[in-house]
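**Student:** Please see the structure below; I have some questions.
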Protein chains: 2
Amino acid sequence: MPVSPLAPAKFPQLPTIGGVTFAAAAAGIKYKDRADVMLAVIAPGSSIAGVFTRSATRSAPVLDCQAKLGSDASKIAAFLVNSGNSNAFTGSRGSASVEAVCKAVAAETGAPVDRIFTASTGVIGEPLPHDRIIAKITELHENQSAGEIENAARAIMTTDTFAKGAAATVTVDGKEVKIAGIAKGSGMIAPDMATMLVYIFTDAQIGQADLQKLVSETNAKTFNCITVDSDTSTSDSLLMAATGASGVDVTGNADFATALHEVMQDLAHQVVRDGEGATKFVTVKVTGAQDDSDAHKVALSIANSPLVKTAIAGEDANWGRVVMAVGKSGAAADRDTLSIRFGDITVAENGWRAPDYSEEATSAYMKNSELEIGVDLGIGNGESTVWTCDLTHGYISINADYRS
Amino acid sequence: MPVSPLAPAKFPQLPTIGGVTFAAAAAGIKYKDRADVMLAVIAPGSSIAGVFTRSATRSAPVLDCQAKLGSDASKIAAFLVNSGNSNAFTGSRGSASVEAVCKAVAAETGAPVDRIFTASTGVIGEPLPHDRIIAKITELHENQSAGEIENAARAIMTTDTFAKGAAATVTVDGKEVKIAGIAKGSGMIAPDMATMLVYIFTDAQIGQADLQKLVSETNAKTFNCITVDSDTSTSDSLLMAATGASGVDVTGNADFATALHEVMQDLAHQVVRDGEGATKFVTVKVTGAQDDSDAHKVALSIANSPLVKTAIAGEDANWGRVVMAVGKSGAAADRDTLSIRFGDITVAENGWRAPDYSEEATSAYMKNSELEIGVDLGIGNGESTVWTCDLTHGYISINADYRS
């Protein structure tokens with residue numbers, strides 16, 4: 001697959017995070033001649049937090065990670081992730097595979113089993129060939145290096161066309177704190193539950209409970225606000241480790257929260273930019289709703305509408321389909337107070353096409369690769385922003401053939 | 001557009017219904033050289049019932065029809081429908097257009113304004129050129145004929161590739177009662193609210209309240225169980241007229257209810273068979289759910305999933321995507337009691353791929369143009385059946401270009 005036209009120019013320079021090292025390896029799980037497994041080893045005393053898919057058919061590694069959140073932070077920890085097989089809907093063999101992999105990582109790294117968090121992404125319903133992963137654990141441990149995060153990001157890709165990374169540095173009490181994160185995700189992306197695979201590391205010092213609260217709150221405004229195709233993965237996981245290596249306590253610090261928000265939003269946007277077949281990056285901004293929850297419903301209804309998404313692909317200023325998506329959302333709306341804009345162009349207001357609407361100007365705007373659809377419901381103060389992409393022939397080609 | 005490969009061989013022979021006549025005309029609303037408006041005139045003493053979209057941005061004709069349900073059945077009635085423009089999101093001009101058209105039909109036919117039910121289908125947000133319709137009312141009235149129902153069905157088509165009709169004859173108390181119906185619909189089809197445009201006629205005798213109850217109940221099991229693209233129209237309307245010309249009272253008659261169910265299900269299936277870009281007709285049958293509502297959630301989640309629909313288009317037996325759709329549905333589900341079948345082939349059971357699963361046999365099954373996906377949740381007695389089609393390049397081509 002060619003790289004998405006919406007991809008960033010290059011993988012960003014990510015800072016090393018004290019207390020975290022990485023390595024990637026080619027275990028041959030499904031793909032040939034590429035890294036497909038990564039191991040991150042995290043120093044004792046690190047806080048770990050996570051959010052996961054709420055799918056009723058979530059994978060064995062997801063169930064395992066959820067059970068391990070809150071385990072003893074004084075011990076070494078590790079993240080082990082493979083691509084090519086999701087170990088989802090694999091019955092009791094699924095958890096047996098997770099157990100076998102965790103045992104091997106524990107033996108190699110000295111981390112207790114309940115501090116080892118695994119994830120698997122790829123085909124659903126095939127047994128995970130965990131022996132191939134286990135055969136690589138020693139190599140992965142020996143090759144650990146603080147600078148290998150980019151290769152770790154590459155190892156977890158499936159239909160992704162580029163590796164995703166983001167970073168921030170924030171000064172707290174006169175001292176620098178760093179955040180670095182990686183993510184994978186391209187299809188089966190829907191925001192109602194959680195995310196795709198995301199790993200974020202910081203050298204900040206913060207307790208596990210405080211870190212969990214911050215991650216959950218930020219997730220609600222970032223990864224839970226993106227959608228590619230309304231389909232929610234069985235494997236979605238976000239894990240964050242705070243090593244404390246900087247010696248800076250960030251508990252309750254607003255600047256740190258803002259920096260983390262920026263990193264998570266950046267990664268979330270990169271997932272949308274790599275949406276299967278995407279040619280347009282679309283911001284849907286809803287204001288004036290009865291409450292934030294209604295605004296979110298309307299924003300998602302627009303962002304998930306196949307008719308809105310195909311109109312965007314065709315560079316067609318078809319705002320009638322936005323009206324349709326508002327109408328079907330289930331949120332309170334009043335035709336006569338509703339207004340719609342594409343970028344800065346008001347296309348509809350007062351229950352009617354805007355008086356100075358120009359088809360020509362709006363069509364010209366639709367040729368941009370970054371678009372904003374604004375909807376004001378005019379009945380309250382609720383607001384929500386959601387990010388999505390268009391629906392193209394590329395999405396059909398990828399998904400009518402690829403067994404994911 | 002070529003005719004859908006799933007279309008019936010030909011338009012069915014529909015019986016004439018005593019008390020109802022039809023005519024179609026070319027008013028030039030949007031399309032050139034084809035009929036785009038139809039008028040049905042219905043004898044005094046007919047019961048009329050209807051169901052409509054629950055969209056918050058529903059069109060002016062829908063709002064007008066809803067207000068008129070229950071009007072005096074002793075008077076003449078009329079249905080006037082145009083294609084090419086939906087008169088939706090057209091502000092106060094929308095209701096002014098409806099009023100002007102109804103006034104003209106009333107003057108021509110002698111029906112009171114509150115017995116005239118209009119509908120409009122096509123582009124959203126453009127003013128309806130109602131003068132072009134009014135100019136054809138006399139012609140439409142003069143050409144009324146009991147046998148013109150097929151031309152009426154053709155006049156209401158938009159992206160439809162074939163005209164849709166269905167009929168049934170049922171014997172009640174030794175006498176024949178006839179039902180004939182027509183429908184249009186191809187894209188912007190989602191079941192949560194109502195239907196596309198559907199008109200059903202019978203010579204049975206039944207009061208308006210009883211007819212309304214029967215139509216609403218049957219709608220819930222037919223049109224509300226289809227989806228093409230999860231997008232709900234602003235214009236969806238179903239109207240049914242019972243003229244009583246047969247002299248047979250069908251109030252509470254089970255055979256009549258069954259016959260009506262068959263006609264409505266047949267029309268609903270034809271809408272799916274004409275789904276934009278469709279190449280496969282798919283029945284999704286969910287059983288063993290906690291309750292019927294949960295079963296319906298799961299069935300719709302599968303039927304609306306872009307990943308399931310593209311896998312079907314690619315003839316890929318990708319049951320992992322069905323697992324995903326069950327998981328995201330929000331319904332109660334237990335991975336270990338879930339079973340999935342494609343046709344008669346059990347592909348997954350007991351939280352795992354079926355022991356005698358054959359990729360070859362399942363792939364061969366996927367080549368059929370009519371498919372059934374069965375999901376048993378194994379936790380209760382709730383069940384639901386939903387009908388949908390696949391998601392293909394054809395859908396993208398139609399919707400990235402067509403301003404509907």
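Backbone N, Cα and C atoms are what each Cβ position is placed from, and that goes for glycine too.
Straight from TrEMBL, here's the annotation block:
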| type | residues | note |
| --- | --- | --- |
| ACT_SITE | A:T195 | active site, nucleophile |
| BINDING | A:T158, A:K184, A:T195, A:E276, A:N399, A:S404 | substrate binding site |
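Tell me about the surroundings of these features in the structure.
**Tutor:** The local packing around A:T158 (substrate binding site), expressed as other Cβ atoms within 10 Å of its Cβ over all shown chains, amounts to 23.
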**Student:** In DSSP terms, helix, strand or coil for A:K184 (substrate binding site)?
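**Tutor:** Its secondary structure by DSSP: strand.
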**Student:** Which Cβ among the binding-site residues (A:K184, A:E276, A:N399) has the fewest C-beta neighbours inside 10 Å?
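**Tutor:** Relative to the other binding-site residues in A:K184, A:E276, A:N399, A:K184 has the fewest Cβ atoms within 10 Å.
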**Student:** Would you list the binding-site residues among A:K184, A:E276, A:N399 that come within less than 8 Å, Cβ to Cβ, of chain B, in the order they occur in the sequence, writing 'none' if nothing qualifies?
**Tutor:** A:N399
**Student:** With H, G and I counted as helix, E and B as strand and the rest as coil, say where DSSP puts A:E276 (substrate binding site).
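**Tutor:** SS state of A:E276 (substrate binding site) = coil.
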